Ligand code: AQP
């Protein structure tokens with residue numbers, strides 16, 4: 001069966017959204033709206049997979065859920081033409097995740113590097129949810145039978161697992177899928193990751209070998225979407241660099257992770273290539289490049305921060321958007337769940 005193209009992606013409400021989330025994911029979410037039907041989810045069930053000390057407790061979760069929703073809209077996502085909602089309002093995510101738990105293999109999950117990084121040395125104390133996170137992610141995507149998933153580079157391995165789960169489900173239940181009238185035996189599409197643009201992996205401002213991340217202990221490692229102009233300028237001024245001037249060609253960025261990262265951020269925000277950026281700034285000192293970068297960041301991010309502030313001041317409006325979005329998401333998810341239950345052989349009310 002040819003699948004109707006549909007985009008799905010999510011962001012966790014686990015704290016300050018940063019430039020990595022924006023350039024690696026949200027910018028592409030906005031772009032995809034022009035060509036596809038899109039579903040953008042604030043994945044609050046993923047947010048609670050680490051200790052409550054990490055995600056901050058109920059009030060913080062609610063606040064962060066509204067803030068991510070505000071960021072989506074402030075960045076240009078249209079919640080009327082597309083769907084914006086929070087995951088926990090659509091029970092199909094959890095229901096399909098259970099079926100997928102019985103399809104996915106322990107060995108597959110054991111290879112997930114994000115689990116290894118997040119659980120660290122204390123694996124015995126990690127939640128079952130953190131281990132199972134990629135299975136829920138597969139359900140998030142496939143409960144809408146989404147075909148395309150814009151994500152940052154760090155999510156590539158999880159997307160591959162989603163494809164493996166979809167394929168194994170189609171194989172395991174092939175006869176049943178065909179018996180439901182689906183002659184090619186394909187019920188779930190194999191979702192394609194869309195890892196595009198010049199900033200698929202934005203790195204920490206303090207260490208160019210580590211990804212920019214919400215959970216980094218140092219706030220100076222990231223630019224938050226809500227940072228004011230002075231904070232942005234200060235963080236960029238303090239960003240780690242090396243003693244050499246900027247190279248004139250892209251090849252000169254090799255083995256210079258901090259320089260490469262800052263040039264990459266400039267390129268992404270200005271819609272230019274790294275080579276073009278180096279044509280303007282190559283050979284110069286970091287100080288003047290950093291001034292230009294700070295100015296560019298403020299120009300691009302200040303309107304988003306301002307709009308987010310305006311939106312979060314009216315939580316009732318944000319909640320109404322999430323409720324409306326979840327109603328429309330649920331209609332699609334319920335249909336997938338009905339068919340999935342029939343395929344598996346679960347009896348249900350007809
Ligand atoms: N540094 C990054 N560069 C490019 N893309 C990134 N993304 C995250 N960090 C970068 C992309 O942002 C989307 C939403 O991410 P998430 O909130 O679901 O969780 P994450 O990938 O775990 O992001 P964080 O901010 O780094 O959180 P922590 O600190 O909890 O690990 C995804 O598409 C992601 O690829």
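Heads up, the Cβ atoms here are built off N, Cα and C, so glycines get one too.
According to TrEMBL, the feature ATP binding site maps to 12, 13, 14, 20, 21, 152, 153, 154, 202, 211, 212, 213, 214, 215. Classification of residue 12 (ATP binding site) by DSSP places it in coil, neither helical nor stranded.
Secondary structure at residue 140 (L-tryptophan binding site), as computed by DSSP, is helix. All chains included, 27 other C-beta atoms sit within 10 angstroms of the C-beta of residue 140 (L-tryptophan binding site). What TrEMBL records for 140 is L-tryptophan binding site.
The feature motif ''HIGH' region' is assigned by TrEMBL to 13-21.
The motif ''KMSKS' region' annotation in TrEMBL covers 211-215. A Cβ distance under 8 Å defines the sequence-distant neighbours of the motif ''KMSKS' region' (211-215), meaning residues of its chain 6+ beyond its ends; these are 12, 14-21, 54, 154, 201-205, 221-223.
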Next on the checklist: Return the residues near residue 214 (ATP binding site) by Cβ distance under 8 Å, restricted to its own chain and a separation of at least 6 in sequence.
Outcome noted: 12, 14, 15, 16, 17, 18, 21, 222
Checklist entry - Just counting, how many other CB atoms are there within 10 A of the CB of residue 212 (ATP binding site)? => result 25
Checklist outcome for this item: Listed in sequence order, the binding-site residues from 12, 14, 140, 202, 212 whose CB sits under 6 Å from ligand 1 are 12, 14, 202, 212
Checklist outcome for this item: Grouping DSSP H, G, I as helix and E, B as strand, the residues of the motif ''KMSKS' region' (211-215) number 0 helix, 1 strand, 4 coil
Next on the checklist: Can you give me the Cα-Cα distance between residue 140 (L-tryptophan binding site) and residue 153 (ATP binding site) in Å, rounded to a whole number?
Outcome noted: 18
Checklist outcome for this item: When each of the binding-site residues 12, 153, 202 is scored by other CB atoms within 10 A, the minimum falls on 153
